[in-house]
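Peer 1: Just dropping this structure here.
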Amino acid sequence: MSQEELVVERARRSFQTGRSKPLEFRLQQLRRLQSFLKERQEDIKDALQKDLGKSGCASELYELLVVEAELQLSLTRLAEWAAPRPVEKNLFTLSDEVYVRPEPLGVVLIVGPWNYPWSLTLLPLVGAIAAGNAAIVKPSEISSTSSTVIKQLLPLYLDKDLYQVVEGGVPETQQLLKQRFDHIFYTGSTAVGKLVMEAAAPHLTPVTLELGGKSPCYIDKDCDIRIACRRITWAKLINCGQTCIAPDFILCEPSVQNRVVEEIRRCVKEFYADSPKTSDDYGRIINQRQFKRIVGLMEGCTIAFGGDADESQGYIGPTVLKNVTGDSRVMQEEIFGPLLPIVTVQSVDEAIHFINEREKPLALYVFSHNAKLIEKVLAETSSGALVANDCIVHFLDSALPFGGVGHSGMGRYRGRHTFDQLSNLRSCMIKQLKMEGLNSMRYPPHSTKKLGWARRFLLSQLNVQKLRNMAMLAMLTCLAAFVVQSANQCWHHRRIIYWKLVHEACPAYCLVPKAIILLRIISSKAASFTQTTALSLRDNVFLSRKPAHTSTLLLITQHASLPLVEGLLCSAVPALKLSSRCRSSAAGVQSGPSLYWSKHFIFVLM
Amino acid sequence: MERQLLQRAKEAFVSGRARPLEFRLQQLHALQRMILEKETEISTALKQDINRSQYDTPLLELIGIENEIKLAIEKLAQWAAPRPVEKNLFTISDEVYIQPEPLGVVLIIGAWNYPWALTLIPLVGAIAAGNAAVVKPSELSECSSLLLHALLPRYLDKDLYPVVTGGVSETQQLLRLRFDHIFYTGGSTAGKLVMEAAARHLTPVTLELGGKSPCYIDKDCDVRTACRRVTWGKFVNCGQTCIAPDYILCEPCIQGQVVEFIRQTLLEFYGADPKCSPDYSRIINQQHFSRIMSLMEGYTPVVGGQSDSSQCYIAPTVLKDVPPHSRLMQEEIFGPVLPIVTVSDMEDAINFINEREKPLALYIFCSDQKAIKRMIEETTSGGVTVNDVMMHYTVSSLPFGGVGQSGMGRYHGKHTFDQLSHQRACLIRSLKMERVNLARYPPQDRRRARRVRMALRSPLIDMSKRTLIWAVVATILGIGLFITLLVILLIAAGLNCTCWYWRGFYN
């Protein structure tokens, strides 16, 4: 048995004991991982400094923060994610329990890349732990210091059997890929991605591939080019251009090319002072091979600025290439270094065409003030993600699924998406052994009659959600009607008392205060209007002995508001409809408008 | 030939005419019309292929497809709309959403056991998601395959949805081409080949494979009803169903009862001689016939066991006391043979299931809620139905698919749409507020890092309408409470309105 076999066997056996399943265990492991990041921050930063020349702040900003945010999110949301998710029912399954239950898959292999050796290795691990899986972590051998630190320190914090770290280069990875896993999560290049998927096929292992690609960046000529260039320069030069979602090349119209170059030059100066080589914030190329490849890409291009390189340090200065054509070498492969070619296009249509001619990128960036233009680019292109007016930041948002399409990868992750990706979403349906009579329509011997029944039943798939909403609405309207009715009763008595009070307090000629009080009685509550129906007859008689002004006033208010309330009542309960219509006809009000209102009312509620 | 078809489909897709929702709806309506108008032809084709009863075809396949189309037509606008996601402090002023997008050209490889449902349900999803699709029905169900080839172009767009008929060599040809998604339904062995072929182009795959779906019958449940349901599920379509219960697990004490009830139910369903029953199907071809016959070798059937190779007929057969490591228990049976394996208790049954590959479905017949919960928790499978068989397939809100050797990817209803769409993350920001971004630009220092940390670690907020309503209501309530408190405080402080009144303020 090779070492890799033993590792997987050990992880599988401890997964089978079921101890990674309870939520408390997962939460505890996540908390351990959190304290690992907090306590070992210095070790991590040192490793990154050695591997990629990242400064302490940059390490914290681009590597650790994302993982911390993800851990925080997982810790607070895990119970919600892992709970069974009820789904919509139909008429057939009304009495059953129907839900989707997320379950751990088993042993997950996580193969990390070297450009962000911590975040891109630990983010999937957070998801694997949260989903209750066991995991084998294989950090990239190219960022060797980080790999060693992970190997040494992770077992001190996490369960040693469930979450193991395997170090090694290509042969070890090949050995690992021969083993059977329940999911493989690979972050890296397209070429290796294919090999990973091919290796997964014999075991039918699902894969998540986070690959790269040439992410285009289109700058509209009417946008604020200064700010656009700032954001692009920042995104391109983080980690010395070795970011899978860094803008790979710029597409812009020839008229703005020089301005773009100028602005980028200014930003480089602002960010890294006069010499990026001595700046703490500027990274280095990972190794000699990559260095040679990147320097080779520059050949034959017009360098607008930069282009300086120092092989001994793996340093390549921020470089912008001008007037690059689509068929030059730098446009054929992912650059993954601090070179920024500018390709000129005549219009946004040409830019879209340029993008569609190539493989689907991992990210697409558009800078424009024009919402229509952004909409157009969104609709006519395809990419893993689209960000307008900024670069890279979609990776920081754990609510957005992160992943590629076509050659830039498959599968999505971040936050809840990682959890779902590394879980088996098992559909569960729990029925009763009763009501066997209902089933006879599916049992043989068949007949036309049985089929008719089945058709009627299965095709009339009533949406239960809708039914529930309707029932709720009906109940609410009933309740409203009830409230209105009882309010009526109260107001009825009160009003007569009020009226008597008014009548006695003010002499018959004090029309104005009388009218005001009357108005207040009537208009104080919408509910009180309804009583006018019931009482209108009596009131009219009652008021007819009083001065004409008041009685007209009352009648006007009454007639204006009646249909609305009537409508409410009519739509609430059909039984009420009849009685209220009788009442309104008794009061001499046409039932025409009330019917109109009831229809309108139902329409509004729908 | 295949290459040209793909080229045509790709060109038609690139022209963008599959994208507008109206077009998708129109195609879905056309498909619906096809199912309604050609029901008799479809039933006849299946009668010829596997002698399936004319009633079973609508019941098992067509109603399901119709439902799926109806659902897609009804919900398409909702599915295809951008889906806003939660925001945090960092993205609070931006538009953040997931936009479902068509993938491109999808290859759909159908299976022969349900040649219509397993081919057309993915197609419904592909059309709904705005993809082009190359449909490859199985060559084993020949009549259905030819009928589909003849019918589909008459109802749907010819360029976008071509049908390719043919056998293994044509399929291999197809798999060499580059698609944007491959949807395969069939056996595990072929599934591996499909995935390997897809790996070369980095094409995502959905594999709907099979597996031995166990069926556990608890001794305390209503065994008679349980056996009725199992018998129907097992022998419908002559056992050639990927989610049919493959074998029964039960305790020795009820084994005799189970056999007896199945015998009774069979008599009721198919009469004394199933061969003459119009409702009992046949095995698809000689090769499968001899495979199933060889699986039965060495056992004495307690029920059935008759066969007729000229008609590819195998009677409903039940085998008792099958040892767990026999050949019958190693591969998917896919025929009307039902082995009963005895286990000592539920614990034993769980171990038995967990020792084997993860099945596509698991059936539990039990009346004890706790035991059901335990069994679900301690095993794994693509789907579970308790106290019935295969019914989880009929609920389109449940994702259908396997895990491990039983497949990958989920479909049905919205899940098909999602499976055949690319969920593109969209973040629309503005070029303003550049000062906020200062924190992330170099030269970096501790203070800036702290600021970014705060924004990133802020909790995610659901910015949907409901949240807004809650926020407004809460604010109004809060202000109301505040004012009440103020008034109470003022009164307590001695500002008494009534005393103003008595002082003559109002007179």
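From the backbone N, Cα and C atoms, a Cβ is placed for every residue, glycine too.
Those TrEMBL annotations? Automatic predictions, nothing curated.
This is the feature table in TrEMBL:
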- B:Glu208: active site (ACT_SITE)
- B:Cys242: active site (ACT_SITE)
- B:5-423: domain 'Aldehyde dehydrogenase' (DOMAIN)
- B:467-495: transmembrane segment (TRANSMEM)
Peer 1: Using Cα coordinates, what distance in whole Å links B:Cys242 (active site) and B:Glu208 (active site)?
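Peer 2: Rounded to a whole number, the Cα-Cα distance is 9 Å.
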Peer 1: For B:Glu208 (active site), which DSSP three-state class applies?
Peer 2: strand
Peer 1: Taking 10 A as the limit, how many CB atoms besides its own sit near the CB of B:Cys242 (active site)?
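Peer 2: Result for B:Cys242 (active site): 27 other Cβ atoms within 10 Å.
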Peer 1: Same-chain residues six or more away whose CB lies under 8 A from the CB of B:Glu208 (active site)?
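Peer 2: B:Glu208 (active site) has long-range Cβ partners B:Ala111, B:Leu118, B:Phe183, B:Tyr184, B:Thr185, B:Gly186, B:Cys242, B:Phe400, B:Gly401, B:Gly402, B:Gly407, B:Gly409, B:Tyr411.
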Peer 1: Tell me the coarse DSSP state (helix, strand, coil) of B:Cys242 (active site).
Peer 2: coil
